[in-house]
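The structure's right below; bear with me while I get my questions together.
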Amino acid sequence: MENNNKNYSHYLHSGYAHPITRSWQGDKVILKSQLIYPIFVTDLINTKTEIKSLPGQYQISSDLVVEFLRPLVEKGLKSIILFGVIISGVKDEQASSADKRESSPVIKSIELIKNEFPEILICTDLCLCAYTDHGHCGVLTEEGFIENEKSIIRLGEIALSFAKAGAHVIAPSDMMDCRVGQIKKVLFQNGYGGRVAVMAYSSKFASSYYGPFRDAAGSGAKHGDRQAYQLPIASRGLGLRAALRDEAEGADFIMVKPAGPYMDIIREVKDHVKVPVCCYQVSGEYAMIYHASVAGGIDLKSGVMESLISLQRSGCDIFITYFTPQLLDWLKL
């Protein structure tokens with residue numbers, strides 16, 4: 001006689017046997033509007049150079065950035081984040097090249113992009129490391145230590161320059177204490193508080209996955225490292241504390257960086273903050289997936305999509321990824 005005492009709730013296959021019912025099992029689909037593409041803009045002229053450690057990514061002079069973006073905009077690109085790269089200009093202790101129009105590739109690029117593609121959301125990375133002669137993310141004391149208060153004042157000045165040029169989102173990546181509050185104060189004092197958002201690199205860890213990026217941005221520290229201000233990789237508590245602090249100081253968006261190895265932090269942050277959470281799939285993550293596909297270890301599209309769906313499942317709302325050009329081809333909406 002057949003046993004009718006089965007617990008049918010343990011049988012799962014029927015709930016995802018059809019493509020449509022499979023789609024119902026996920027919370028969301030990833031949209032093109034959730035993607036932010038990182039762009040490295042240089043102070044050179046008429047130059048586009050592939051970054052060896054980031055295949056398929058380029059350092060682009062600001063005069064070429066519009067034509068570089070045009071085919072991506074036609075495919076549905078909605079958002080970018082600009083990183084300045086000083087090659088021919090001067091780097092100094094105060095990061096002077098960051099906010100002088102004649103020397104800042106970011107300011108020049110903002111103006112050009114905004115004029116040609118007014119619908120594009122322009123985010124600007126905000127840090128001193130790419131512009132200082134020592135390569136650290138803040139102003140240093142004579143002894144070589146970070147001077148936090150002077151650093152956040154300088155960051156506020158640069159943020160205001162980016163806002164005046166037309167940036168929509170300022171994204172401080174420096175990891176100075178309390179810089180979000182200083183940036184928000186400067187923006188409000190100058191009439192930009194209600195128009196320019198702050199996306200804080202809040203839970204940013206002192207990761208080994210940043211290597212290709214530092215090649216791209218020319219932002220490696222000349223001495224020491226950044227472990228005194230970027231978060232310890234083992235610390236879950238600091239990851240949450242930094243996010244809660246930045247939210248309390250007025251951050252409109254919170255970022256976790258890197259992404260894949262820190263999905264527990266993404267979930268923790270998502271469960272505690274009331275603002276959207278962004279994750280940065282950093283250069284080392286990109287390189288691993290890219291080279292695994294080149295070696296035949298994984299299918300590129302499947303690997304990229306799985307990585308982003310996993311990040312979304314962990315709580316990510318916005319994705320900064322170097323795979324954006326491919327995703328614009330793969331995603332329908």
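Glycine is no exception: its Cβ is also placed from the backbone N, Cα and C atoms.
I grabbed these lines from Swiss-Prot:
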type     : residues               : note
ACT_SITE : Lys204                 : active site, schiff-base intermediate with substrate
ACT_SITE : Lys257                 : active site, schiff-base intermediate with substrate
BINDING  : Cys127, Cys129, Cys137 : Zn(2+) binding site
BINDING  : Arg214, Arg226         : 5-aminolevulinate 1 binding site
BINDING  : Ser283, Tyr322         : 5-aminolevulinate 2 binding site
Fewest other C-beta atoms within 10 angstroms of its own C-beta: which of the binding-site residues Cys127, Cys129, Cys137 fits that?
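Output over binding-site residues Cys127, Cys129, Cys137: least Cβ neighbours within 10 Å is Cys129.
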Tell me whether Lys204 (active site, schiff-base intermediate with substrate) sits in a helix, a strand or coil according to DSSP.
strand
Counting only residues 6+ away in sequence within the same chain, which have a CB under 8 Å from the CB of Lys257 (active site, schiff-base intermediate with substrate)?
Ser173, Tyr201, Ser203, Lys204, Phe205, Ser207, Cys279, Tyr280, Val282
Counting all other Cβ atoms within 10 Å across every protein chain shown, which of the recorded positions Lys204, Arg214 scores highest?
Lys204
Measuring Cα to Cα, how many angstrom lie between Ser283 (5-aminolevulinate 2 binding site) and Arg214 (5-aminolevulinate 1 binding site)?
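Computed Cα spacing between Ser283 (5-aminolevulinate 2 binding site) and Arg214 (5-aminolevulinate 1 binding site) is 9 Å.
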Helix, strand or coil by DSSP: which one applies to Cys129 (Zn(2+) binding site)?
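Assignment for Cys129 (Zn(2+) binding site) reads coil.
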Taking Cα atoms as reference points, which of the binding-site residues Cys129, Cys137, Arg214 is nearest to Tyr322 (5-aminolevulinate 2 binding site)?
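Sorting the binding-site residues by distance from Tyr322 (5-aminolevulinate 2 binding site), the top entry is Arg214.
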For Ser283 (5-aminolevulinate 2 binding site), list the number of other Cβ atoms lying within 10 Å of its Cβ atom.
24
Using the alpha carbons only, what distance in Å do you get between Cys127 (Zn(2+) binding site) and Arg214 (5-aminolevulinate 1 binding site) once rounded?
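Pair distance, Cα basis, whole Å: 13 Å.
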What whole-number Å value do you get for the CA-CA distance of Cys129 (Zn(2+) binding site) and Arg214 (5-aminolevulinate 1 binding site)?
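Between the Cα atoms of Cys129 (Zn(2+) binding site) and Arg214 (5-aminolevulinate 1 binding site), the distance comes to 10 Å.
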How big is the Cα-to-Cα gap, in Å, between Cys137 (Zn(2+) binding site) and Arg214 (5-aminolevulinate 1 binding site)?
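For Cys137 (Zn(2+) binding site) versus Arg214 (5-aminolevulinate 1 binding site), the Cα atoms are 12 Å apart.
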